[in-house]
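Some features that TrEMBL has for this protein:
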- 153-189: disulfide bond (DISULFID)
- 218-358: domain 'Lysosome-associated membrane glycoprotein 2-like luminal' (DOMAIN)
- 331-368: disulfide bond (DISULFID)
- 376-399: transmembrane segment (TRANSMEM)
- 378-409: domain 'Lysosome-associated membrane glycoprotein 2-like transmembrane' (DOMAIN)
């Protein structure tokens with residue numbers, strides 16, 4: 001963890017910001033805003049990153065992920081007063097900023113809105129951008145929280161608007177802190193409320209010096225996401241999780257009979273979220289590239305380990321399961337999705353279609369190379385066998401003909 005003590009925010013004391021470098025490049029921030037009396041008035045700790053789709057000068061589209069941009073400042077952050085509510089204002093580069101606004105009612109306070117501004121004139125982040133300038137995306141939230149409660153949301157939250165996708169997770173925030181002390185009472189977001197008690201995971205954890213005991217092939221489950229009355233995402237797969245924490249490795253097979261699926265479908269992104277009594281969330285995020293193909297771009301997981309601790313990893317820079325739009329991706333052979341050095345997912349009997357699902361059925365599948373190689377070898381082997389048989393018959397014929405001719409001459 002790398003901590004920086006920034007300059008005082010006018011009228012609001014000092015702000016301490018800690019940047020944590022994790023498995024995914026993102027903003028991991030902790031803010032403690034104090035008033036003129038040095039008492040904490042607003043506390044926040046969260047992770048976030050942004051994905052922006054933009055048009056280039058040659059009329060194609062590119063997608064970039066905005067994450068760690070170096071120096072972060074908090075100019076404009078305030079505790080709030082009778083006229084203005086508390087506000088978190090973050091700047092992370094020329095033309096890049098993020099703002100969260102809060103308000104208070106009789107017994108609650110609210111996260112009213114957030115806004116994100118980005119600069120397409122930054123040629124490093126947006127090479128060959130057609131339109132140059134600072135663009136802002138505003139999102140109204142109206143999340144109500146009891147006064148003197150700390151809001152927690154470990155689950156991944158995704159907002160999408162105007163070609164901008166915002167990701168937030170591991171969120172802790174309390175505005176209007178009472179008596180300068182952050183509350184120990186937590187108010188959970190809806191996504192976290194389904195997994196509030198740490199259960200026991202029935203799996204064998206080997207010693208640090210040994211490798212995990214191989215598990216049997218996991219059972220394949222079928223999962224879906226609906227948009228209204230229509231199915232917009234289909235997935236069938238057996239999932240095996242490989243986790244390493246504190247030099248201890250474990251292998252966990254996901255039971256589809258006790259696993260639930262939710263998610264969302266948008267024009268250029270789709271989310272499949274799995275959860276169970278032991279898995280707070282396992283997210284598969286798909287994206288469209290070049291307007292004609294889809295792929296697995298992101299995996300996020302948060303789950304309970306055997307010792308009751310929470311294991312969380314996120315990676316939004318993946319490139320797996322690539323297939324044309326309007327088709328499905330299929331791989332019956334075992335595949336490994338490497339999310340980080342500490343977390344890999346083995347998939348079996350995989351078939352997935354995150355876009356353009358018609359009548360709740362899979363479209364024609366594009367097979368993975370492992371399956372394609374196997375299917376290719378079968379006709380090749382048959383062809384070789386037939387060719388060999390033809391050669392044997394031809395040689396036998398020539399030998400028989402020669403013997404017949406020799407016998408005729410001797411007479």
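Placement of Cβ uses the backbone N, Cα and C atoms for every residue, glycine included.
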Rounded Cα-Cα span from residue 331 (disulfide bond) to residue 189 (disulfide bond), Å: 36
Under 8 Å by Cβ from residue 368 (disulfide bond), same chain, sequence gap 6 or more: 329, 330, 331, 333, 335, 350
Number of other Cβ atoms within 10 Å of the Cβ of residue 153 (disulfide bond) across all protein chains: 21
Among 189, 331 [disulfide-bonded residues], residue with fewest other Cβ within 10 Å: 189
Secondary structure tally of the domain 'Lysosome-associated membrane glycoprotein 2-like luminal' (218-358) (DSSP, helix then strand then coil): 3 helix, 98 strand, 40 coil
